[in-house]
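Just passing along the structure, written as structure tokens.
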């Protein structure tokens, strides 16, 4: 970065064409010869601004969002400033010239004060792990800068380019909506206490909790701490005046591999293109950026056309609108919206806007906001994606494209190409090498012309289409009534049916169109059209994209929707002609999806006499996280080398040879290390030593590390890693759980649990059912990928800074791999950007890689896994297959369960034994079953080793259980809630593993939820809705959970803590747990503050480190507060006991003075606390009758969810979810409610949206947010109510509390079971009353095909 003296002086500044100038957070930046291959994210992080996070590198998570501001000239030659949120990971550094960049650091910080957005997100508990937070704040900030008069609904719909895995989104939305300048069309949602709370102050009716301080007060006023107040724009930083006068000239930047051009005229652009015909045109880099990053494609010449006036204009013409090819999708949408709005009161003009409305309807679901803000219409067309959202719309509309080039004399030559001739084959279009796309002409719609667009994807927001389409028909009155459209019949004069996702390119259906033209618009044409669509849109078995039956049924289902939509309009036009009558039951099929404003409430109980325990105190690091000052591993400012693993590209193969010679010659490369370079033991198995750090002979999964490349930068190491040549001898691979079962590929391990007398159970049963149920995998998708920084010290000392839930295990295995003592390795961290179990063991192998490299290089080495590497190598939640047999009475009482559980462990054990054990323990969920026989087996496959994930096998077993409960309900014709109630454990009843269920809150939770959710009234309303609607169906389900709390391995139920009290009265706490967003540090601070009776501000936690607290258990199993809290309390009590004699002599002195007096008296004010959970531990026996008690106590909860499905597409919406969870006396209701909401949404995603797809070759297809879909802002329940059960103290844990992280996750499956009820209602329309299997997750494909109507049956294999 160069700061030229003229930049800040008064003399004219003359910039060279190889210099890049922009403003960064208000300061001028000038770079000589910038690297054309650098993204904005790469550059900004390289200069030490770490608020932008690298979450995915494909523009789909929003962690790297920043605000880009620039001056735009309008048609009337006026200038306006445009602010937009864009993705730093894709937006090129070289495209910033003349613009202003604002990152999170430019908004506010702790020292100078928080921006109002930062403050409200922080105060409203909108940040847990914090990794996604800066990006979310910048998305909101940019939106409010551009849209200061936004409604709450406008704001709520702005986050489609951002993801959060922790919060469940509700607190973020509440904080964001407080900036609305005006209410939405719907009733304004007032924002109550943070979190939106109904507070029940136990034991003191006169006191309330002040939302500002979290302390008791007596004002008796529940005042919102989050004001409903717009952002004050006049106090925001102004756009740099320097840039208002900045002359945008041509640029040329030359890098080692790529040359970047920014021309200013069309002639200049065409001249470059004529000379360099292979040049790529880049506007937003949203496609080229993916190709260069993930496919290692190098484009030597890049041309950025955003300064060429002809390409950035939009013009109205007599017959339509002409859009310049470089116009962004957001700009186009805004322009078209303006046309529509201006003609709202002009019926004739408004009828011309049909195509514009169709485009806007598709843009709503096109990628995310940040991508639309950068991507251009021309780029979308020229990419020619076969699953494009917009191309079918433009095909149907009859758009015309203009190409332009220079002839040999330098004259411009233009060529018109109708869009139906533009797409030639897969990603090949009719553009000559010297041509560019100049503009797109979009015609107006004509009278009696109807155009409608549709799209179905796995997730509504920011997802690629499974099928997209657009239909246009031009009707004319039949001759005898042509003089008057009233009461007339109509026939089709012209039509286009355009589809994406059904061929290698976007296509039209010529045969169907030909059949339709001349036909009378009536129901009779539907059957013929559907049959012709079948032949027009063939898909062979095994076609790319899969889902053959589903995709084909969408083609006809969408046309049926379109037919109803047009008919409904014709019914009005024709004055009620019965030919066009759409029945009341059918009408909802024509409704476009429109999400109401979300809302809800959070209820909890506090106990003022326990302050600060039970108080809603915000996250300790919230302010740091909202300002971007919270540091994660990759943010540590230390010069280091970078390591990248070299993976096996085969799922099962002997490694015959490895040649790194070419890689070692690449720029910046320092070394290549493999198994022969490991000084200690080549083993990183966390429990059973069956994993190699680097493969010695045989790769056991696709992605297995063969070695690592070390280079000066991550990009250099990544590129060089692809140059390592590996010769394989491929071996047969097992890549699915079904394949493992059929081939008997199991680990030599089984666990059996038996209770009662199975023969007696069967004999007492009036009915016996059996079946099989499959539970899919789930990717953790923590926003911060795995990362480690290893710093060598004196001799063989190493400091390992790792994003891990398991510092002690990391320390131990790194020491073993290096052949040194654990006393020479310190593992430490401040926080993780999410974990969810995925960093309990799988983080360790990347730490070992960095440690090996650092050991040899004698330099700091950093390894940060790219998202695709992380997802494809670190394992998932275990998928399960269950085979069950259940006996029950005619009254619904369950008598016997025979269950076989098969879990896919992957290629190694990892901690799969513990996962399977917990699944076995939770196979009965909340129900007393007197006779059980449960066998668990681990399948061995050539896939990444699966690992811990929130719930640790419990959710898989419980969803299996609830599936057969539904089958019991179906068999008996009883409501499923009655089956559940009838079989609940009663107080002190004993489980199959011989543990008494004491302090049983299940029935109480259930009964309260029945009332709070209005279950019975809503069940009636759902039935009424289903009778009145044919193609939209609703379902409602109420689901319980009983979750055992403890590690099932006895040894892990221990914790340590170190507490220091200083003479100024402040306290430093260190404990063995890791902070990953769950608020553990905040709770530990509360416990220490309570013990010493000091404000929470006097207690501080800096980090977790193995040289402060050694030999710790991983932060997992939802008991970290239980374990570490007791250890902290123990240390505090030791110190207090030592202080007591001094206190007795000085009873009235403040705590600070007491500390000084203790020091004077030589009292030790430091203590090492320890806690071990008593009376826990369980050992399975071959007989099936084990020994011990696996759990310290149980959590109880229940959730009721109501959904609506579209039976023609499989789309679903969660209308309402009510959750009640027993957390004892909550240590911190704000934290705990956040955990409940986040876990619920994660569980909802696991059981509905999130599908891990692995090819038969072992290659994982879902390796990033573009292919793997976690819930987004749009997916959370529209009404979301969460309550913490009151008056339920738990005598088994710290301050009568309970752990909270895992138990709520399974309750998200209430959405899955509500979907099942809705599908059942849909099947009844087709007289299908038999049981049907609905495997988990209930994806849109499974929902649609399970509805089993004629549209599905048309394509079902016989």
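Just so you know, glycine gets a Cβ as well, placed from its N, Cα and C.
Quantities reported herein were computed from a predicted structural model and do not represent experimental measurements.
Residues or ranges marked as domain '2Fe-2S ferredoxin-type' by Swiss-Prot: 18-107. According to Swiss-Prot, the feature [2Fe-2S] cluster 1 binding site maps to 56, 61, 64, 89, an assignment based on similarity to another entry. What Swiss-Prot lists as [2Fe-2S] cluster 2 binding site is 129, 132, 164, 166. Taken from Swiss-Prot, the feature domain 'FAD-binding PCMH-type' applies to 253-447, supported by sequence analysis. For 281-288, 366, 376-380, 389, 437, 455, the entry in Swiss-Prot reads FAD binding site, with the evidence type similarity to another entry. The annotation Mo-molybdopterin binding site is assigned in Swiss-Prot to 805, 836, 950, 1117. The feature substrate binding site is assigned by Swiss-Prot to 840, 918, 952, 1048, with similarity to another entry given as support.
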Using the recorded substrate site (840, 918, 952, 1048) as reference, state which further residues of the same chain have their Cβ within 8 Å of the centre of those residues' Cβ atoms, listed in sequence order.
837, 911, 914, 915, 917, 948, 953, 954, 1047, 1116, 1117
Which binding-site residues are spatial neighbours of residue 379 (FAD binding site) here, meaning Cα within 10 Å, out of 56, 132, 836, 840?
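Within 10 Å of residue 379 (FAD binding site): none of them.
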How big is the Cα-to-Cα gap, in Å, between residue 281 (FAD binding site) and residue 918 (substrate binding site)?
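Just about 54 Å between their Cα atoms.
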For the binding-site residues 287, 840, which Cβ has the most other Cβ atoms within 10 Å, all shown protein chains included?
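Highest number of other Cβ atoms within 10 Å: 840.
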For the binding-site residues listed here (164, 1117), tell me which residue's CB has the most neighbouring CB atoms inside 10 Å.
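Of the binding-site residues 164, 1117, the most buried by Cβ count within 10 Å is 164.
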I'd like the per-state residue tally for the domain '2Fe-2S ferredoxin-type' (18-107) from DSSP, helix first, then strand, then coil.
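Within the domain '2Fe-2S ferredoxin-type' (18-107) the tally stands at 14 helix, 35 strand, 41 coil.
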Based on Cα coordinates, which of the following binding-site residues are within 10 Å of residue 64 ([2Fe-2S] cluster 1 binding site): 132, 437, 840, 1048, 1117?
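The binding-site residues passing the 10 Å Cα test are 132.
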Does anything in the same chain, at least 6 positions from residue 952 (substrate binding site), have a Cβ under 8 Å from its Cβ, and if so what?
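Listed in sequence order: 837, 914, 915, 918, 1116, 1117, 1302.
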Taking residue 166 ([2Fe-2S] cluster 2 binding site) as the reference, which of 61, 376, 437, 805, 836, 1048 (the binding-site residues) have a CA within 10 A of its CA?
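Of 61, 376, 437, 805, 836, 1048, within range: 836.
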Given the binding-site residues 164, 287, 376, find the one whose Cα is closest in space to the Cα of residue 805 (Mo-molybdopterin binding site).
164
May I have the list of same-chain residues other than 56, 61, 64, 89 whose Cβ is within 8 Å of the Cβ centroid of the recorded [2Fe-2S] cluster 1 site, in sequence order?
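Going along the sequence, the neighbours come out as 41, 53, 54, 55, 57, 58, 59, 60, 62, 63, 87, 88, 135, 867, 1265.
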How many neighbouring Cβ atoms, not counting its own, are there within 10 Å of the Cβ of residue 1048 (substrate binding site)?
25
10 Å Cβ neighbour count around residue 836 (Mo-molybdopterin binding site)?
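A count of 31.
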What are the other residues, in sequence order, whose C-beta lies within 8 angstroms of the center of the C-beta atoms of 805, 836, 950, 1117 at the Mo-molybdopterin site?
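These residues sit around the Mo-molybdopterin site: 835, 837, 838, 840, 948, 949, 952, 1115, 1116, 1118, 1301, 1302.
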Which one is it: of the binding-site residues 61, 64, 129, 132, 281, which Cβ has the fewest other Cβ atoms within 10 Å in this structure?
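Checked 61, 64, 129, 132, 281; of these binding-site residues, fewest Cβ neighbours within 10 Å: 281.
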Using a 10 angstroms cut-off on Cβ to Cβ distances, just flag whichever of 284, 379 is the loneliest among these binding-site residues.
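Relative to the other binding-site residues in 284, 379, 379 has the fewest Cβ atoms within 10 Å.
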Tell me, what is the mean pLDDT of the domain '2Fe-2S ferredoxin-type' (18-107)?
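Taking every residue in the domain '2Fe-2S ferredoxin-type' (18-107) and averaging pLDDT yields 96.
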I'd like to know which of the binding-site residues 56, 89 has the most other Cβ atoms within 10 Å of its Cβ.
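Its Cβ has the most other Cβ atoms within 10 Å: 89.
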Sequence order is fine: just name those binding-site residues in 129, 287, 376, 437, 950 with a Cα within 10 angstroms of residue 61 ([2Fe-2S] cluster 1 binding site).
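Candidates kept after distance check: none.
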Round to a whole number and give the Cα-to-Cα distance in Å for the pair residue 840 (substrate binding site) and residue 950 (Mo-molybdopterin binding site).
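With distance taken Cα to Cα, residue 950 (Mo-molybdopterin binding site) is 11 Å from residue 840 (substrate binding site).
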